[in-house]
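Here is what Swiss-Prot says about this protein:
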DOMAIN    3-200  domain 'Glutamine amidotransferase type-1'
ACT_SITE  CYS80  active site, nucleophile
ACT_SITE  HIS174  active site
ACT_SITE  GLU176  active site
DOMAIN    201-388  domain 'GMPS ATP-PPase'
BINDING   SER228, GLY229, GLY230, VAL231, ASP232, SER233, THR234  ATP binding site
Amino acid sequence: MQSVLVLDFGSQYTQLIARRIRELGIYSEILPYSTTPEAIREHDPKAIILSGGPTSVYGESAILPHPGIFSLGLPILGICYGLQAIANHFGGAVESSSKQEFGRAKILVDRTEGHESMLFKDIPDSDVWMSHGDKVTRMPEGFQITASSGNSEMCAIESFGPKAALKIYGLQFHPEVQHTLYGKQLLSNFLINIAGIRPDWSSKSFIEHQIEDIRQRADKGTVICGISGGVDSTVAAVLVSKAIGKQLHCVFVDNGLLRKNEARKVMEFLKPLGLNITLADSADLFLGRLKGVASPEKKRKIIGRTFIRVFEEHINEEKFLVQGTLYPDVIESQSVKGPSETIKSHHNVGGLPKRMKLKLIEPLRELFKDEVRAVGRELGIPEDILMRHPFPGPGLAVRVLGSLTRERLDILREADEIYIDELKSSGLYQQVWQAFSVLLPVQSVGVMGDKRTYENVLALRAVESTDGMTADWAHLPHDFLAKVSNRIINEVRGINRVAYDISSKPPATIEWE
C-alpha cells in the first residue's frame, strides 16, 4: 500500500491534512517534524507533506525539519509554516508580515508561459484559507512563484529549472481546510499527478492490514478487551476478534458511571456479534476510589488505573489489552506527533498506569470517528450500534462536575434519559454528532408549588461535527428545548433549572471535563 507522510510542526490543521489525503483513497500517517531521513525510508512513503505550525523559522524557538529529508528524492509539499521551512532551507528569507492574513483570501495563479504548474492544473483564481503572521520575502534560488495573494506575493512556489526534478512545492495557504475551494483538487494534483501515488487505501484495505498486524503482535498470546458498548470499543473488539478469534476475551465493566440501564442494554445488543464477554460489576470499587475527588484530571487517571486493575483480575494468561483509542484522544492527550499543546488527558491514554502488566493493542489509534464507523460497516456491525453518540471512557464521572455521589449520578441519569428519548422521538438524534446532559456543581433558587427551592442546575449539550476535532453547537428548535426543560424540571427531583450550552470547539471542548 502506497502512503504519504505528514510531518507535524504543531498546526491545528495537521490532522485535517491526513483526513483529506485519506478521502482521496491514499493512506497517510503523521510523524513528528524531527523524523530522520532513515526513519522516513523505513516507512517507504511516496511523498512528504510539511504541516503548518505556530512558531517562526527565524526565531530562537524555531522547529525545523531534518535537512536530509530534502535529499530523499521524494516529492515534498510544504503548507504555511512548511512553505517557510522550505524557503529557509534553500536560502530564501522569511520575515514577520506587517499585515497578517487570517481567514479567506483570493489567490491569483500565474499562468504565463513557462510558469504553468502541475500543482494548479484545472484550478482557477479562487478563495483560499490563510492563517499566518510570517511570509516569504526573498525567493530561494531555483524556485519560481506560481500563485500570489494581495498580501503574499510568494503565496505558492515550486522548484524549477535545474531543481525541477526535486518536485518541491510550497503553499502559504491551507488546502486541507474546506474554505479553500479547490483544496482537495490541489492535493490530488500533488499526490496523484505529481507524486504518482495510486489510490489504494479504503476501509477494506485498512481492515486487512490491521488483521495482519494484530496477528503478528498477538501471535498465540491471549488478549483482553475492555468493551463499553460504544462505537469505538465495539469496532475495536470485532476487528481484533476477526484477527485472532477465541484468543480474545472481552470484559464489560459496570463501573457505576454508566447511563441508565446501560449494562443490561449493552449486553443485549452485543450478544449477536458473537463476542466472548464477561460482565464485571465493579461499581463499588470505582465509586469508592473516586469519593471526594473533584478534579477532572484526577478522576480520569483514577478511572484509568482502576480499569486496568479490574482487567488484571479477570485475566489468566492474557498478555495484551485492546483499547478503542482514536486519533482525537491521542491528539488531545499529549503531543505525540509534534509540539501541539496538551489539552486534557484521556483515561485510555494518559490515565493508564506507567507500569501496567499488559501491552496495548490500539487498532483504531490513527482513525477519526467517521472512519471508525466506515470500518464498522465493512465488518458488518449493525447501524444502530455504529450510530450511537460518543460516550466518554470515564463515563458520567466527567458529566457530574465536582465530587461524585450516587445521588448526583442518579439525578443525571434520569435527566439524560429524558433528553435522549426526546431527541430520538423528535427525529433529531441522528442529526447531531453528540448530545448529553451535564450536572453542574451549582445550585439555584426556584419556586415549585408556591415553595422556595434551592436545587441543581443541569446543562444540555448538543454539537454537530464530523470527526470530533472541531464542533459547532447544534441549533436545536426552541420548542424542543422548552419541552425537554419542562419534562426534566417536573420529572427529575433535584433539578430546578436547565441551561443549553452554545459553545463551539474550539474554544470549548465537547465534554465539559
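Think of each number as a place in line: the chain as shown, counted from 1.
Any Cβ shown, glycine's included, is placed from N, Cα and C.
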Pairwise CA distance, ASP232 (ATP binding site) versus GLU176 (active site), rounded so that it is a whole Å:
25
What other residues of the same chain, not counting SER228, GLY229, GLY230, VAL231, ASP232, SER233, THR234, have a CB atom within 8 A of the CB centroid of the ATP site?
ILE227, VAL235, ALA236, GLY324, ARG388, PHE391
Quick check: of the active-site residues listed here (CYS80, HIS174, GLU176), which one has the Cα closest to that of THR234 (ATP binding site)?
GLU176
Number of Cβ atoms other than its own within 10 Å, given for SER228 (ATP binding site):
21
Spatially, which candidate from the active-site residues CYS80, HIS174, GLU176 is nearest to GLY230 (ATP binding site), comparing Cα atoms?
GLU176
Where the distance is taken from Cα to Cα, which of the active-site residues CYS80, HIS174, GLU176 turns out closest to SER228 (ATP binding site)?
GLU176
Between C-alpha atoms, which of these recorded positions comes nearest to HIS174 (active site): CYS80, GLY229, VAL231, SER233?
CYS80
Out of GLY229, VAL231, SER233, which of these binding-site residues is nearest GLU176 (active site) by C-alpha distance?
VAL231
Let me know how many other Cβ atoms fall within 10 Å of the Cβ of ASP232 (ATP binding site).
24
Within the predicted model, mean pLDDT of the domain 'Glutamine amidotransferase type-1' (3-200):
91
What does DSSP say about VAL231 (ATP binding site): helix, strand or coil?
helix
Tell me the Cβ contacts of SER233 (ATP binding site) under 8 Å, same chain only and six or more apart in sequence, or just say none.
CYS225, GLY226, ILE227, GLN323, GLY324
Quick one: Cα separation, CYS80 (active site, nucleophile) versus GLY229 (ATP binding site), in Å?
41
Return the residue, from the listed binding-site residues GLY229, GLY230, with the maximum count of other C-beta atoms within 10 angstroms of its C-beta.
GLY229
